[in-house]
Amino acid sequence: MEKNQIVEVEIVDLSHEGQGIAKVDGRVFFVDNALPGEVIQMRVLKVTKKIGYGKVEDWLKVSPHRNQATNVTYLRTGIADLGHLNYDQQLLFKQKQVQQNIKKIAGIDSLDVAPTLAANAPLAYRNKAAVPIRRIQGQLESGFFRKNSHDLIPIEDFYIQEKEIDALILATRNLLRRLDLKPYDEKEGTGLIRNILVRRAHYTGEMMLVLVTTRPKIFRVEQLIEQLTKEFPHLVSVIQNINDQKTNAILGQEFRLLYGKETITDQMLGNNFEISAQSFYQVNTPMAEKLYQVAMDMADLQPADIAIDAYSGIGTIGLSLAKQVDHVYGVEVIPKAVEDSQKNAQTNGITNVTYVCDQAESAMQNWLDQGIRPTVIFVDPPRKGLTPSFIQSSAQVQPDRIVYISCNSATMARDVKHYQELGYTLKQVQPVDLFPQTHHVEVVGLLEKEGVGQS
Ligand code: SAH
């Protein structure tokens, strides 16, 4: 096998990132935009001893599950890497992924993962966008980086973003052009505008625009803001973020308020939530509500329960369930997000919550030392999952239930294995589709202390 060779192969599976898998001469090949059951002419892009990467040259047999309607440009950009698969099959793919991880990583054979809860809107659902600004053929463009690259693909219809966000991006791009503001040039380290971020509160429609720049001074920014707020009355917050580093990170350290408020306000499960530019907020609001509802139902909350909301962000989970329990203790590491959660508790008249800014690990240990005895613990960590020390201390307080909300079923399965060794049993697993058209899946797992619920 060598580079550029063309071979006929059958695609036998999908990788967890949604690439087609073919097996040739004992090697596993990964192929973009290829589906199980398809027979293709594959061009070899790269080979190592055990694996290879290929590209579709031609289809000899096309899968009946292929979404023919989807414009493949979106695929290449990497924002919709499962867009070429029909939606019902995307849901099955996600359920199977989670099931495999529970089996292979957690070592559990006996538990059936529930069918993926389908999204109410499989398109135009994202409430947030981060869009690089670059110069292409002399013109300032906004779009998305092609997968695994920094090649900007100009795009106007982002397909999975709320349409009002696309409209604001387009208007901003046009004004940046008209006002002759210079796009960032990564190679030269020159130019001013690196990225624009847009957040939109799904239920109230309020929008926030963040301009990420290399320097503090933005020429003619008053004109930009005047025009945009005239055209978009819902644009209530314009913020500048300064990032002068040669880095892939989008945001720098410094934020400045240019116009309006520092936050936008959205609603979830009947509460109002203020959201800062720095705070984490689930990108699909109606489906996040469903996710939280699934988590609360699994927890089987009782009025005497003491609940922990670990990795709490702006407090969406803890505040949603506060009325059903005695007290909620929450922990989050980003100071602005913790401020938001405290404010959100106040605004909604919720007094039985305590949010602290700390690492989840040390907060857990502190609560343990203070004699706080939670009966149910919610965890919602980032992709890397929990740390062994958090798992240890959370199991040590012996809550009846641990509800694990995860955006990465592989690390969740690893942590479940650890919890099982400490006397907890995995009872239920429910994938929820917050990210249609992409390989990402959110999942809720219920761990119960051995002996609980057997009466
Ligand atoms: N539960 C929230 C946020 C989930 S995202 C929601 O549903 O919206 C995960 C959150 O964990 C982020 O807000 C991130 O800032 C926070 N985080 C990451 N590492 C942490 C740690 N070690 N301790 C506490 N919080 C952490």
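Cβ from N, Cα, C; glycine included.
Bear in mind that TrEMBL entries carry predicted annotations, made automatically and left uncurated.
In sequence order, Pro382, Arg383, His440, Val441, Glu442, Val443 are the residues of the chain that are 6 or more apart from Cys407 (active site) and have a CB within less than 8 Å of its CB. Residues annotated as active site in TrEMBL: Cys407.
Taken from TrEMBL, the feature active site, nucleophile covers Cys407.
Among the features that TrEMBL reports, S-adenosyl-L-methionine binding site is placed at Gln282, Tyr311, Glu332, Asp380. Taking Cβ-Cβ distances under 8 Å and a sequence separation of 6 or more, the neighbours of Gln282 (S-adenosyl-L-methionine binding site) in its chain are Ala288, Leu291, Thr316, Leu434. Secondary structure from DSSP puts Gln282 (S-adenosyl-L-methionine binding site) in coil.
Across the domain 'TRAM' (1-58), the DSSP tally of helix, strand and coil residues reads 0 helix, 34 strand, 24 coil. Summarising the annotation, TrEMBL assigns domain 'TRAM' to 1-58.
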The domain 'TRAM' (1-58) [mean pLDDT, rounded to integer]:
96
For Asp380 (S-adenosyl-L-methionine binding site), nearby residues of its own chain (Cβ under 8 Å, 6 or more apart in sequence):
Asp309, Ala310, Tyr311, Ser312, Gly313, Ile317, Ile405, Ser406
Have a look around Glu332 (S-adenosyl-L-methionine binding site) and count the other CB atoms within 10 A of its CB, chains all included.
29
With an 8 Å cut-off on Cβ distance to the Gln282, Tyr311, Glu332, Asp380 Cβ center, who else from the chain surrounds the S-adenosyl-L-methionine site?
Phe280, Asp309, Ala310, Ser312, Gly313, Thr316, Ile317, Pro381, Ile405
Tell me, how many other CB atoms lie within 10 A of the CB of Tyr311 (S-adenosyl-L-methionine binding site), whichever protein chain they belong to?
19
